[in-house]
Amino acid sequence: VMQNNSEVVFVLQGLNDSLTNRQMYFAFALMSYLFTIFVNMTLIVTVCLERTLHEPIYIFLCNLCFNGICGASSFYPKLLHGLLADSNVITYSGCLAQMFVVYCYVFCEFTSLTVMAYDRYLAICKPLQYPMLMPVQRVAQMLLLTWCVSLLETIIGITLTARLPLCRRHINKIFCTNWEVVRLSCSDTTGNNIYGFVLIFTHTSQTGLILVSYTHLVGASLRLASNRRKFIQTCVPHLATLLIFVSSQVFDFIYSRYGGGTLQLLQNLLAAELLVVPPLINPIIYGINLHQIRSRIIHNFSHKPGI
């Protein structure tokens, strides 16, 4: 048993076998990270600068993009450092910090998508009452609730993991995850397992609520042409975002627990998908489908200021 966890240095083994040409992978990862930040910041700045976009759906979308930047930033900087270094190691405190940001991103993504589904339900199914049901104060309250719940869930999980004594220090991934650190413990992890099942039930319920709201949205969109247009423009991107994120979660969950014998490269891809694909794809999906955002972005990039 390692007596002092604070002195532990983890070895991230995900980079050891598959990354033979580190410079090429470094260039690709850096371009991917910069492009992810660029597309998310483009959407955020566009919404902030354009007063006509100061509506709940666009504010919630900005929050989703900001969370995507946080998720990507929890992964890429350490990956880039590991690609340049001779050995890919991380301190115990650094591992906990990375886990904190990763899981806060995951929980906030789930809650944000649930809030956005509720907003679309009110906008399409109750259009006349929508301004009264979703004023600016309610939007601020829902954003605050989203982050408070996500932070609370993350703090509880990290606290349960930080109390565990460790017996090993090799992590078979390219970044720290709660499950991988818990597996290194040589003490009883029942509390961690119970909390894990609570989180699975909670966020599965959130996904169920989103799907239930969509049954009402589909019915409303079939009745009126205007609702159908709203559904296609705002709900289809939201549903695509949900499917991408949930599928990434499922792949990572299945591999972490049952895929230990697969190829190292496949392991890296499945592990990184959750932190790479949704933050990159979400702003692109919304930017293409939402006419107001698409037109403003095109106008901003094509506008030539007078001399």
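Using N, Cα and C of the backbone, Cβ positions are placed for all residues, glycine too.
According to TrEMBL, the protein carries these features:
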| type | residues | note |
| --- | --- | --- |
| TRANSMEM | 24-45 | transmembrane segment |
| DOMAIN | 39-286 | domain 'G-protein coupled receptors family 1 profile' |
| TRANSMEM | 57-76 | transmembrane segment |
| TRANSMEM | 96-118 | transmembrane segment |
| TRANSMEM | 139-160 | transmembrane segment |
| TRANSMEM | 194-214 | transmembrane segment |
| TRANSMEM | 235-256 | transmembrane segment |
| TRANSMEM | 268-288 | transmembrane segment |
Counting only CB pairs under 8 A, let me know which of 57-76, 96-118, 194-214, 235-256, 268-288 has the most with the transmembrane segment (139-160).
96-118
Non-local residues, at least 6 beyond the ends, that sit with Cβ under 8 Å of the transmembrane segment (268-288):
14-15, 18, 32, 35-36, 39-40, 42-43, 61, 64-65, 68-69, 71-72, 74-75, 79, 102, 105-106, 109, 173-175, 177, 237, 240-241, 244-245, 248-249, 251-252, 255-256, 259, 294, 297
Considering every residue in the domain 'G-protein coupled receptors family 1 profile' (39-286), what is the mean pLDDT value?
84
Taking the transmembrane segment (194-214) as reference, which of 24-45, 57-76, 96-118, 235-256 has the most Cβ pairs under 8 angstroms?
96-118
